[in-house]
Amino acid sequence: MQKKTLSDISLQGKRVLMRVDFNVPLDQDRNITDEKRIVEALPSIRKVIDNGGRLILMSHLGRPKGKVNPAFSLSPVAKRLSELLDCPVTMAGDCIGTEVMQQVLALQDGDVLMLENLRFHPEEEANDPDFARELASLGEIYVNDAFGTAHRAHASTEGITHFMQTAVAGYLIEKELRYLGTALNDAQRPFVAILGGAKISGKIDVLESLFEKVDTVLVGGAMVFTFFKAQGLDVGNSLVEENKLELAVSLLEKAKAKNVRLLLPEDVVVAGEISADAPSRVEPVSAISAGMIGLDIGPATIETYRKEILDAKTVLWNGPMGVFEIDQFARGTFAVAQALADATAEGAITIIGGGDSAAAIAKAGLSDKVTHVSTGGGASLEFLEGKELPGIAALND
């Protein structure tokens, strides 16, 4: 997907309307608890400022449900951004309207204006054309750098492009497309995908898409128990999607037909309940005790998976191996994170596909030891499923 980017256009003196993803977590006192998304937008923001553009930033934050709610104001973000850039960031009182337009027209080259939360207006998520047109009237150039919302056709990501001639990708989207696109279309082999998470149902399309591309799939997380039950094994009280047993069998057959090795755990960590102080033990998957719940991959599986990861040239990881929020069930997930870091050090391309895996690799302190951590959970999954992302399709080729 070759899209025009920030590097392809002249910015001097132009009003640049940039959609960023500043949907950051805030604590009770409205302090930002994780500023990763703000930091990741800085290269695109600095490019506009340094090239004398007049920057207007827009984002959503949380789910205010189409009503003005001060708890979801972007003002803490504007304040933090101003500190990171070491220059003033003016906070607008809304994202459309006469006052906002006056603030926009008063901007000088290199100035930054932050619009208020787009989702204070129900028209944003409804992709309302009048709202999109009003947003578009604020800028002369549109830049989308919000990969995390690229799979949604909203007014600020898709609708707006119908009213602006110049619509380009920011550096963050460019980087996402480069890494995820390379993984899917031009991967160095062996190509290993690691899929975790609780349910097969959320990963069917990804699995089927990956069967066309990868050499090996390593499966972890609670979804393994649906596969095990489908194979006739006892899984104790582990999570099983009873209505997906036939699907699990067909996925195993599909992998075989495509010559893809699909590896399931050989041992698991089990406990009687999901809690930090529940006594746990390792059991082979062929002998899971009645009443026990599988909550992580076991040491033998960790060893096997580690070896597969270290033999790979391209690795894609989406979804944890167990309940990593609880330390005693986090070993598998952190071992995978470490194996990815080690593979990267040996020259492999390693890509973390957003969501829980991104949180896990951050918790392991290894985010900067892999090639690429995707910023979009749902967006990276849909991209890996081979779906077209509306927010990206809408940009200039």
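Count begins at 1; order follows the chain as displayed.
Every residue gets a Cβ built from N, Cα and C, even glycine.
As written in Swiss-Prot, here are the features:
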BINDING   ASP21, PHE22, ASN23, ARG37, HIS60, LEU61, GLY62, ARG63, ARG119, ARG152  substrate binding site
BINDING   LYS203, GLY294, GLU325, GLY354, GLY355, ASP356, SER357  ATP binding site
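The structure, with features from Swiss-Prot marked on it.
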residue	record	contacts (Cβ under 8 Å, 6+ apart)
ASP21	substrate binding site	ARG37, ALA41, SER59, ASP145, ALA146, PHE147, GLY148, THR149, THR375, GLY376
ASN23	substrate binding site	ARG37, SER59, HIS60, LEU61, GLY62, GLY148, THR149
ARG119	substrate binding site	HIS60, LEU61, GLY62, ARG63, PRO64, LYS65, GLY66, PHE72, GLU125
LYS203	ATP binding site	LEU195, GLY197, MET223, ASN318, GLY319
GLY294	ATP binding site	ALA222, VAL224, PHE225, VAL235, GLY236, SER238, VAL268, VAL269, VAL270, ILE288
GLU325	ATP binding site	none
SER357	ATP binding site	GLY196, TRP317, ASN318, GLY319, PRO320
DSSP three-state assignment for LYS203 (ATP binding site): coil
Surrounding CB atoms that lie within 10 Å of the CB of HIS60 (substrate binding site), all protein chains: 27
Candidate with sparsest Cβ neighbourhood (10 Å radius) among GLY62, ASP356, the listed binding-site residues: GLY62
